[in-house]
Amino acid sequence: MSLRVGSTLSGGIDRVVSRNGLVLLAANLALGTVWMAVVSSLVATTAARYGVDPAALPFPTLPLPLAASVVVVLLLLAAFVWLNVVTVRAFVDGRGSSIPGEFLTRRIGYVLVNLVVFGVLFGLAVSGPAVAAIAGGLLAGSPLVGVLVGMLLLFVPGLVAYVALMFGQFYVVVDDENALAALVDSWSLTRGNWIRLFLVVLVVGVAAGVVSLLVSFAGSALLGRQSVALQFANGVVGYAVSLVSLGVFAEAFCRLRRERGDPVGHDAL
């Protein structure tokens, strides 16, 4: 049975518009607000070294020295990855009313390390051939040819690799698999559904882009292009879109597992 695009999209949205989804959105917004302030402080501190007045920059900052800002940024990156783990587990669980404590802590160190490894391998699989082609073109003195071949490799095998391996992070987070096994299992799970998964990704991507542009244009007209309120509004939309994407992908993951008789929902966790 093939994946149904429409019901996958609606089912994913249902996973997000639940108590758990709203709690996770609030957590992302809280973490994201701190992230924006710390990154802004890092930019302001760096700009000050080149004679730019930090007070002239159009965003709020925190009084942090450069070294402290870098450390906090790294800690926040780890926190974002951890929150992504909790979000994936909650959406795959699907109950929507509460988040079990084990989702926050179960093998978290092992999972975080394997997510980093998966991210590297996934990036190489999707964009590695394209980057190699562009680099080869530059070294051969034919940059235009390298770019054209690289773009072709990115849009053909790159897209196939993306949809075929996209559930690797779910296998790491849900089944506690290592990164390599997760890639293999994602390939096996998605075979026969690459076109439909591409359509799901395409619809989510286009919808996210349209919503983000509308909010940005409307916010610029009403609040001013450099206002703090507009930055916050863009952040809210960005995190909401990210959660909807994860919810839709969690729905697709569960549907494909159910089709071949694998455990789904809280039985998988």
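Every residue, even glycine, has its Cβ placed from backbone N, Cα and C.
If you check TrEMBL, you get these features:
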- 3-252: domain 'DUF7847' (DOMAIN)
- 21-44: transmembrane segment (TRANSMEM)
- 64-87: transmembrane segment (TRANSMEM)
- 108-135: transmembrane segment (TRANSMEM)
- 147-174: transmembrane segment (TRANSMEM)
- 195-222: transmembrane segment (TRANSMEM)
- 228-250: transmembrane segment (TRANSMEM)
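Within the chain, the transmembrane segment (147-174) has long-range Cβ neighbours (under 8 A, six or more residues past its boundaries) at 84-85, 88-89, 92, 111, 114-115, 118-119, 121-122, 125-127, 129-134, 137, 181-183, 185-187, 189-191, 194, 197-198, 201, 249-250, 252-253, 256, 268-269.
Among residues of the same chain six or more beyond the transmembrane segment (21-44), those with a C-beta under 8 A of the stretch's C-beta atoms are 15, 54, 57, 59-64, 66, 69-70, 72-73, 76, 79-80, 83, 86-87, 90-91, 96, 99, 231-232, 235-236, 238-240, 242-243, 247. Across the domain 'DUF7847' (3-252), the prediction's mean pLDDT works out to 88.
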